[in-house]
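What follows is one structure encoded as structure tokens, with my remarks underneath.
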């Protein structure tokens, strides 16, 4: 979570603090996605590279992760995101001070809180934003389960983080306008807590009609929804190939190569 947050929020910070001269929506979409890819590569061999409480919860619900491990995973994800946000603030501290004359603002033309956590667009209602986050996270988990399903058209081993990065790019490009497409409670709450204590104040929780809880609750529900959709409509319908069918398929493959 630390690496994802430091690199991902760094992309947002560079775009905002340079007033668009060193980045924009596409660099944020691609940069954040690649930050997730790098984070999964770094931590995948040890913890599975969840870096997202919505993923960890969905894994528990589908019996892929022990429930006793869930609090530890979530705490580590929150802590990593918090420290990652602090790293971005430290690296760009002088830029923050120059950007808004030393004021750390949540709203207005010189707002910088959105570098760390998501905030709703002016047109967005809480209900619409809730549905937005449920849907985007459901798509995320649906695709993640497919990517790691060996009985589906699974991604070659070692390339799964690349596929996840591409997935996040398309989700951000298609569903990011309303509220930034958080899809990750730790990615949102950890940095929001950091901004609350680092100078932006408690307005980070009241802004956007008390928006803060939406990117926490909605992704958790969306993650479970996406995982269950995959299990019910895809995974349980896999047929175990008979040994003869496997040999026949192997022979066809060999013949095709010849």
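Cβ atoms are placed via backbone N, Cα and C, with glycine included.
Fair warning: this is a prediction, and the values are worked out from it, not measured in the lab.
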In TrEMBL, which of 126-147, 236-257 is tagged transmembrane segment?
126-147
Checking feature assignment: transmembrane segment per TrEMBL, candidates 28-51, 100-123. Which range matches?
28-51
Please find, within the list 188-210, 211-233, the residue stretch that TrEMBL describes as transmembrane segment.
211-233
At a threshold of under 8 Å on Cβ distances, which of 28-51, 126-147, 159-177, 211-233 pairs most often with the transmembrane segment (72-93)?
28-51
Using a Cβ distance cut-off of under 8 Å, indicate which of 28-51, 159-177, 211-233 has the most pairs with the transmembrane segment (126-147).
211-233
